[in-house]
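Colleague: Have a look at this one.
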Amino acid sequence: MSSKLQALNDWVDQVANHTRASRVHWCDGSGDENRKLIEAMLESGDLEQLNPETHPDCYLHRSDPADVARVEHLTYVCTEREDDAGPNNNWMAPAEAHALMNGLFAGCMEDRTLYVVPYCMGPIESPFSRCGVEITDSPYVVANMRLMTRMGSDALARIERDGRFVKGLHSTGDLDPDRRYIVHFPEELSIQSFGSGYGGNALLGKKCHALRIASYQARTEGWLAEHMLIVGIQNPAGEIRYVAGAFPSACGKTNLAMLIPPEAYREGGWKVWTVGDDICWLHPGEDGRLWAINPEAGFFGVAPGTSAKTNPNALAMLDRETIFTNVAVTEDNRPWWEGLGEGKPAKDWRGRAFDPKHGPAAHPNSRFTVSIKRCPSYSDQADNPDGVPIDAIVFGGRRASLAPLVLEAHDWTHGVLVGAGMASETTAAATGQVGIVRRDPMAMKPFCGYHFADYWAHWLDVGGKLTRPPKIFQVNWFRRDAGGKFIWPGFGDNMRVLEWIMARCRDEADATDTAVGKLPDAGAINLEGLEERPDMEELLRIDPAEWRAEIEAIGKHLESFGSRVPSQLHETLGRIREAIG
Ligand code: GTP
Ligand code: SPV
Ligand code: MN
């Protein structure tokens, strides 16, 4: 097979020659093709079958133990001018990066099949969707891309119609961490990834295309590519309003995206619909509102902590047609992870007999891959080519102290400052130390394909085009008490905060103005049905001394991006500094 697009055929030929691939397979995305791939992976040991009685069509992949997370220190944005990549990215000159990658890819697919994977990010018929083709030598990547994107013949047909696509080249190489690079050429609309099979490094449609390349394109085209979930919140009157939320990796997007409201809310008629859990493309509409699509078609979710109590919707879809990566297994070969709340591990994520002295049974960044259509709260609007209109944007992070449960920005510019100043404790989603507070503007630190200062200017520009901009909020589910316990119950109970946010969007709830934003009045958050009343005073406390230090730190952080930082952000910060005294 080949395509009707000469440029695509030429590129595939050229890569096949350079990598000396032994076979070329064009993926059509069919069930039959998938079954054959799975069979081959079961034979090669890439996959293990899980218990077919309890988990039909579920498989376990154990990755190389040194290839379990994104590698931010080996991820590069290669623009002609270093300044365009910004201090937020590692940079390499394009010529140097091409020379390096050409060397690594030379002959790397000898004895391997080269898969051509056409994919579409977003509904096939949406004008907002963008296509790409990933060339990979990993059948695991093909099977995951089939769940995560609209992959195969339909995507190829659209690519042939459009005549343009993002070129992604991937090889697992020999998995040597010293020969591992994830490089992006935004000016060429291309990506090259070598030496890793892990999600964000290898499923190129996801972070590499839909965030790094897309954010760069979005800037020139007047839209935003964001690390955000999208949910629809249906109130007792039956109206559905949409919220987009940016939280850093492993900080709660998937959980918020498929939240089940507490019983009292459900009985009252509240319901939450899932549109997306990780990536959101936002377009200013002709009506002056911001419209969102989820470019993905599946979830690549964090397994640990997922239970019938914390996330019943996730658990309900993980018992069939799911690929698990680096989880543990029980004696009867069911998937298991810390926080699952039932069963016990027999083998750990590396396949060894479980022994607590080796650490957790499941890797802390173990994941599940599953189609979004399997989600019980899947929204029928997720396939709408026009997207959904956004009423509120929520920025969140893991902060043990300082950040209150919820805070409303004074206006769009203040909201952009709130996003730009975001900080969060690091997690296992990327290699490196866990639990360190770092600035992660808009949860895009690892994913923005250009200079952060230009990115914030672009946010302000987009806001300027909106006559009905979403309100912007900051939330923190992770504040801890003196004993280190989370004060807020989180998960389904986050609905209580969403209710206040939705009421604010309809101008129906009061708020107290403070220097750092608008806070709910005492008693404004509905606590009905909670077994234990959380310490709301502590959750909503603004400590002026702590905040003064934070404002200084945000000022330094903005300054580190130099003179390109929009002056409005410095001015807004200055006003807050004065107001807090
Ligand atoms: P990425 O897929 O890496 O982008 O992560 P994510 O933002 O989708 O995070 P996810 O929802 O998978 O949550 C990550 C971890 O945080 C899991 O272990 C969850 O159980 C936990 N978590 C999510 N929401 C809450 C919450 O409201 N409170 C608490 N305490 N933990 C939460
Ligand atoms: C994240 O790390 O933010 C993820 C997983 O969503 S990955 O696909 O690896 O980026
Ligand atoms: Mn993510």
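Just so you know, the numbers here start at 1 and follow the chain as drawn.
Cβ from N, Cα, C; glycine included.
These came from TrEMBL, pasted as-is:
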{"type": "ACT_SITE", "residues": "Cys251", "note": "active site"}
{"type": "BINDING", "residues": "Arg70, Tyr198, Gly199, Gly200, Ser249, Asn365, Ser366, Arg367", "note": "substrate binding site"}
{"type": "BINDING", "residues": "Lys207, His227, Asp278", "note": "Mn(2+) binding site"}
{"type": "BINDING", "residues": "Ala250, Cys251, Gly252, Lys253, Thr254, Asn255, Arg367, Arg398, Phe491, Gly492, Asp493, Asn494", "note": "GTP binding site"}
{"type": "DOMAIN", "residues": "10-219", "note": "domain 'Phosphoenolpyruvate carboxykinase GTP-utilising N-terminal'"}
{"type": "DOMAIN", "residues": "223-577", "note": "domain 'Phosphoenolpyruvate carboxykinase C-terminal P-loop'"}
Colleague: For the binding-site residues Tyr198, Phe491, work out the Cβ neighbour count at 10 Å and name the residue with the minimum.
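Modeller: Selected from the binding-site residues Tyr198, Phe491 on minimum Cβ neighbours within 10 Å: Phe491.
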Colleague: Tally every other Cβ atom lying within 10 Å of the Cβ atom of Lys207 (Mn(2+) binding site).
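Modeller: Here the count is 26.
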Colleague: Which binding-site residues are spatial neighbours of Gly199 (substrate binding site) here, meaning Cα within 10 Å, out of Lys207, His227, Gly252, Thr254, Asp278?
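Modeller: Within 10 Å of Gly199 (substrate binding site): Lys207.
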Colleague: I need the most crowded of these binding-site residues: Asp278, Asp493. Count other C-beta atoms within 10 angstroms of each C-beta and give me the top one.
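Modeller: Of the binding-site residues Asp278, Asp493, the highest Cβ count within 10 Å belongs to Asp278.
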Colleague: What is the interatomic distance between the Cα atoms of Ser366 (substrate binding site) and Thr254 (GTP binding site), given in whole Å?
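Modeller: Counting only the Cα atoms, the answer is 14 Å.
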Colleague: Mind giving me a neighbour count for Arg70 (substrate binding site)? Other Cβ atoms within 10 Å of its Cβ, every protein chain shown.
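Modeller: Total other Cβ atoms inside 10 Å, all chains included: 23.
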Colleague: Under 8 Å between C-beta atoms and at least six apart in sequence, can you list the same-chain neighbours of Asn365 (substrate binding site), or say none if there are none?
Modeller: Val68, Ala69, Ala250, Val302, Asn326, Thr427, Ala428, Ala429
Colleague: Helix, strand or coil by DSSP: which one applies to Ala250 (GTP binding site)?
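Modeller: Its secondary structure by DSSP: coil.
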Colleague: GTP site residues Ala250, Cys251, Gly252, Lys253, Thr254, Asn255, Arg367, Arg398, Phe491, Gly492, Asp493, Asn494: biggest Cα-Cα distance, Å?
Modeller: 24
Colleague: Within 8 Å of the Cβ centroid of the Mn(2+) site residues Lys207, His227, Asp278, which other residues of the same chain have their Cβ?
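Modeller: Apart from Lys207, His227, Asp278, the close residues are Gly200, Lys206, Ala210, Leu211, Ser249, Ile279, Ala443, Phe447.
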Colleague: Count the Cβ atoms, other than its own, that fall within 10 Å of the Cβ of Gly200 (substrate binding site), considering every protein chain shown.
Modeller: 26
Colleague: Determine, from DSSP, whether Phe491 (GTP binding site) sits in helix, strand or coil.
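Modeller: Helix, per DSSP.
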Colleague: Could you measure between Thr254 (GTP binding site) and Asp278 (Mn(2+) binding site) for me? Cα positions, answer in whole angstrom.
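Modeller: Pair distance, Cα basis, whole Å: 7 Å.
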Colleague: Provide, as an integer number of angstrom, the distance between the C-alpha atoms of Cys251 (active site) and Lys207 (Mn(2+) binding site).
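Modeller: Computed Cα spacing between Cys251 (active site) and Lys207 (Mn(2+) binding site) is 16 Å.
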Colleague: Using a 6 Å cut-off on Cβ distance, which of the binding-site residues Ser249, Ala250, Asp493 come close to any atom of ligand 1?
Modeller: Ser249, Ala250
